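What TrEMBL records for A:83-111, A:158-181, A:193-215, A:221-243, A:250-269, A:289-309, A:321-347 is transmembrane segment.
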C-alpha cells in the first residue's frame, strides 16, 4: 500500500514539476532529457529494497509507520486535509519523531508540491511584463489562470483546516488510548512508557544506531546532558532546512525523515527503507549527485557486514562490541553523506534552473 | 540473648526472620532430603534472608531496607545489596504459608568466611569461650563439604495473644565433614566394600568439650542414627545372629555389630512411629553437665563392619540447568525426578482413590534475564503436556527493567506414578550499563536458587510424650511439623559485555560523527554560489603539484564527475573546520555552564 501511495505522490510531484518548468519557459530542459517516471521508480525502489523485505520478514511494525507517513504526504499533496492530518497524528502516536513532519506538511498544504523558487516565477512574470508592456491585464490574467497550481500565495485556509483536523484526530486518539489504558495507570503512564522511553533511552540493547553503545559507556553524570544534545541535534536542523528548502516541501520531508532515522534513539532498517524509497521520487533533480556509487556500495557493504559482526559478538563470542559498533558508525556516516549530498544536489539543481531561466530570453 | 538483636526486633517490628550464610551445596542424594535436618538446615549457597514484619503495608519496604543495612553491619557481609528493589521479592504463598509482609532476598555470590562466623558466635552467651561452641575450630569447619550458619528470630511480642510473649533466637551451624582416614582400609570384607572411617570429636575438630557454658540451661550432644542405617544394621544383626534374634533390644545398645560408641550415652531415645513397618530413628543423648575441664568430653565412633545405606529422600529430586547457546537468549529448565520411596515413608494423599503428589515451585529471576512466562512448558515423562492439566495455581510477577525481578510461584499436582517432570521457560538476556557489571563481568551473573516445597509431607520426628524431652530445644525443633523443602542449584548466566576499556573512545567517536553531520549539513545549506565561484577563481591561479593533481583525480573518480585538470577540491574544508571549531567552543561553553549551575 505504501508503494502505491508513493507512486501516486510521485505522479503528483511530477505533474507539478512539469507545469512549473513550463511556466518558467524552460522547455529546452524537457526536450534534452527524457522524463523518468519518478513515482514509478520510487515505488519500485521501495518494494524491491532488500531492507523493506527484511523488515516485513522480521514482523516489525515499521511498515505500518512508513505507511502512515506516506499517507500524510500523499494527503497533503492531493489537498486531502483530513487524510493528511490523520496520517500525521497516527505517525506521531506510533513513534515520536514524525512530529517534525508538520513543517513540510504545512508547507505542502500552503504552497503546493515541490517547485522551483518563487522568486524565479516573479522574475519570469516581471520579465514577461517587461517584454510586453502593451499587453493588457486580460493577457496576464489568462497567463495566471492557465497556471492554476502556481504557488504565489500561501493559502492559509488549508493550513487552518489541517490544524483543526489534526487536533480533532489527536483528541480522538488520546481518548481511545485513555480508555484502553485506564486500568494500567492512565495516560500519564502511557506517555512515560512510550514517549519517555524513546526520549530517555533506558534500554541498551544493540541496534543499528549509535546511541546504545554511547549510553552504555557514558558516565551517569553526563547522561541527561547527552540525551538533550542528541535530541536537539534533530530539532536544530528543522529551522535552517525549512528556511532554505521551503519551496520544496516534499524534499524537505524526505530530509527530515532521513535525519530522524539517522539520529533517533532506536533506529531500524525500516526507517531507512522509507527514505530510500522516497529518494526515488527525486531522481530527476538528484541525477548528478556526487558519491552516488560510493554510497550504494557502502549501503550494500554495511547490510552484509552488520549481521556478521552481530553474530560474531553475541552468538559466537569471538568478536567484540566494537566490531558491531564500528559497522553502526559507518552506517551513520553513509547516511550523513547521503543527506548532505542530496541537499547539495537539490540546491545545485535549483541554481541551474535559475541560471537557465535567467539566460532564456 | 544479646541486646543487639533485641534492639533490632523492637526497632523494626520483626515478627519472624531468618538469615543464613552458606558455602557449598547440600547434596540431597547423599545426605538426605526428608529429615528435619536437611529440610531446615539445607540452605542455598551465599546469603539468604527473609523477614516478616508487623508494620503497615506501605512501610514494609522501608523496614526491609533498614534491616538489610543493620544486618550488613552486624555480620560484616554485603547484605546491604539486598536493599534495592531489584534484589528482593515479596512471595505470597510459594515460599511460606504467610501472606502480606514477607520479603525474601538472596545473594548467591556472597562468600562466607570467619568474619561472618565471629559475629554470629558473639551472639551466643558464652561466645566460643565455653560450652559446645569451643569445638568451632575454623580450619576444620571450613574444610568441610558444606557449612551453613543460620540465625532464626521469632517474636511473639506483637501478636494479639499475650500468652508466652517473647523473642526466640535460634542459631544453627550445620557442617558436613569427612573424617580423615588415618589408615588405608587394609581389611577387605566379603562384599568387597571399604570400611567407613571412624571418627572422634578430637580427630575432627582437634579439640574436646571441656564443660558447659554456665549461662546455658542445658547442654547436650546427640548422636542420631538414621533410618536407612538402622534398617541396614537390623539386616546385619539378623544375618549375624540368625533367626530368633532379639531385635527390640538391639536398638538400645550402643555396642552392636555395626558400630561402637566410645562413651556410654546418658539416654537412648527412640522415635515412635506412626507406621509400624518403618524403622525408627535412634538418638543417643549425652549431657555435658557431667564433664569438666579435667574430664573433657570426647566422643568416638568406630565402625566395625562396612555398611552402605541411603538417606531418605524427598519425593522428587530437583535440579535446574540452563539451555541454549549464545548471548542473546536461552531457557531455564527445572527437572524433577521421582526418587525411590523408602519403607513406605510417604503417606498417600488419596483423593478419589488416586494418589496425587503436590509441590510448590518458587523462583526469583533478576531483571536482566528477561523470562517470558508465556513460554512455560511442562514435560511429563518426556512428553509435552498442556500446562493447565498439572498446574493448580500460579502467581507471576513479571520483571520490570531496573525496578523489580521476575517472581514465579507455582503449585503443581502430579499423579504419583509419574517418573519425571520438567518445566522450561525461555528468556532473553539484557544489556547493562558498564557501572552495573560486577568486577569480574565475564564470569556471568547468578540466578538464585529456586525453592521446591512439598506442603503435604512433613519432615519431623515423633517421640514419646515426655516432659523431659521438651526441655531440649533441638528435640522440640525436630518434633515441629515443617514442610519438606529443597533448593535447586544456582545458575550462572553469561551476559554480553561491552568493552570496558573504551568509554572515552566511544564518547569521542560518537560525538565526532554527530559533529560531522552538524557541520557539513549547515555548510551545505549556507553555501552561496557567488562566493564559491570567487574562491575557485582564486584557487585557479595557484599551481597544483603532481600529488595534488592525483588526489583531485581520485576524488573526481569517487564523485563520478569528469576530471578537469584545474578542478580543485571544494572550498568546504576550511569552512567546515571553522564551523567545527565554533561548535566545539559552543558545546564546551554549554557544558561548563551546565557544570557550574548543577555542580
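Glycine residues also receive a Cβ, built from the backbone N, Cα and C atoms like all the rest.
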CB contact flag for the transmembrane segment (A:158-181) and the transmembrane segment (A:83-111), at least three pairs under 8 A: yes
Stretch in A:83-111, A:221-243, A:289-309, A:321-347 most in contact with the transmembrane segment (A:250-269), if contact is a CB pair under 8 A: A:83-111
Intrachain residues whose Cβ lies under 8 Å of the transmembrane segment (A:83-111), provided they are six or more past its termini: 61, 64-65, 68-77, 118, 151, 154-156, 158-159, 162, 165-166, 168-170, 173, 177, 194-195, 198-199, 234-235, 238, 242, 246-247, 249-250, 252-253, 256-257, 260-261, 264
Same-chain residue ranges lying at least 6 outside the transmembrane segment (A:221-243) that approach it to Cβ under 8 Å: 97, 100, 103-104, 107, 199-201, 211, 214-215, 252, 255-256, 259-260, 263-265, 343
